[in-house]
Amino acid sequence: MGFEGDEESAANQVSTKSRFRYNSPLVQVTLIGLVCFCCPGMFNALSGMGGGGQVNPTAANNANTALYTTFAIFGILGGGIYNILGPRLTLAAGCSTYVLYAGSFLYYNHKQHQSFAIVAGAVLGIGAGFLWAGEGAIMTSYPPPRRKGTYISLFWSIFNMGGVIGGLIPFILNYNRGEAASVNDGTYIGFMCFMMAGTLLSLAILPPSKVVRDDGTRCTHIKYSKVSTEAVEIGKLFFNWKMLLIAPAAWASNFFYSYQFNNVNGVLFNLRTRGLNNVFYWGAQMVGSIGIGYILDFSFQSRRKRGFFGIGIVAVLGTAIWAGGLAKQVGYKHNDLPTKLDFKDSGSDFAGPFVLYFSYGLLDSMFQSMVYWVIGALADDSEILSRYVGFYKGVQSAGAAVAWQVDAHKVPLLTQLIVNWSLTTVSYPLLAILVMLAVKDDQKGEEPSINPASMDNNSKPV
């Protein structure tokens, strides 16, 4: 037995020499980034055009309401499902539903029947709950504890490159259709091809028990959980004070999408310009995630100070951006819409609204990366973090479901902006309190990483 333990330890030490090995956190986080590049990245590009690329946003609003309603339920359940099924089955099942959703708008382009889009939206909500719970567990638990901000920014950059490429698809295919109302069939088919590729790529993700960090520790010693265990642990989340402090930020973090996509990009710009804007909106997310990731990992020696500083930076920037949005929003209403802008023909009138929409993308990535960093600082085990992220995504999706119906019922645009601004503003002090009470400057407050050298096949961590 002694020789077997020595051989296992030696084997693990050899396997950690290369940072680019298949079972390294870097490669696995890159892979999940590519999966999200293909699936939710393309979904974001489709949604970011306003109305799912249609002249009338009603079908997209109703589909998104169905989507985020089921997402709210399965987002919370997704962490438990991930712990039971593992990453490959969970992610592949989730990714496949994105293809159906894009296909429903291809159908709508010809039949103008929204029933299929609504059903596809509901199915996508289930799949998105699976995908994002798995993604969150991987992104927050696989990296080494002191570099979670860097890995989150890596993921966010790859993921949002999907939105950049996805924005180029409608921009190129509809470039000569400046007055067109809805995107052409090729746009939806292009999205579907990327989404199918993402589904296949999800099968390359390793379970946490097989991912080894550079120091030889594994992400978790748990291979599979049980339904009864997950049911109990998920129920406890609703009484967990840490999750209650995160809940307002979770609710706010997707609430603003319906306003930004439909009532800024969709209202202010014509079709081809909306595609171009999305390239920069999602590109801004890459810049924002890299910037906040650096601040959260390298700005101070103390992890708690880094958290406070990061929250402060996002709060100041967010206040300035929403103030700029308010200055623009007072100039138009639902019944008094401005002439749509074109990037070539509108001259200097295009610049201000374009910078505003770009800034919204920058803020989105900084806000969400900040929240993910805080969640990742609460524990270091995939099993626990999958539940935390599932709770976050569930509350986030409940907020989004409400937001899409707020827009569908034509709530005044100024009211929508003020609500969005208020929700994000309330989140900052609550996150600061969470960092103060729950984030430690060392690893004593974290769930322990598991070193394979300290275990045999039947033992628990020592």
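Every residue gets a Cβ built from N, Cα and C, even glycine.
Automatic prediction, not curation, is the source of TrEMBL annotations.
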Study note, to complete from the structure: As TrEMBL has it, transmembrane segment corresponds, among 154-175, 242-263, to residues 154-175
Check your understanding: For the transmembrane segment (187-206) against the transmembrane segment (154-175), do we get 3 or more Cβ-Cβ pairs below 8 Å once near-sequence pairs (under 6 apart) are dropped?
Key -> yes
**Study point:** Cβ-Cβ under 8 Å with the transmembrane segment (354-375): same-chain residues at least 6 beyond its ends
**Key:** 136, 139-140, 148-149, 152-153, 156, 160, 246, 249-250, 252-253, 256, 260, 264-265, 268, 277, 280-289, 291-293, 296, 307, 310-311, 313-314, 317-318, 321, 324-325, 328, 343, 385, 388-389, 392, 424, 431, 434-435, 439
Review point. Are there three or more C-beta pairs under 8 angstroms joining the transmembrane segment (26-46) and the transmembrane segment (91-108), sequence spacing 6 or more?
Key: yes
Exercise for review: Could you name the stretch, out of 26-46, 114-133, 154-175, 279-296, 308-327, with the greatest number of CB pairs under 8 A to the transmembrane segment (66-84)?
Suggested key: 114-133
Check your understanding: Top stretch among 26-46, 114-133, 279-296, 308-327 for CB pairs under 8 A with the transmembrane segment (154-175)?
Key -> 26-46
**Study point:** Within-chain partners of the transmembrane segment (308-327) [C-beta distance under 8 Å, separation at least 6 from its ends]
**Key:** 149, 264, 292, 295-296, 299-300, 356, 359-360, 362-363, 366-367, 370, 373, 414, 417-418, 420-421, 424-425, 428, 431-432, 435-436
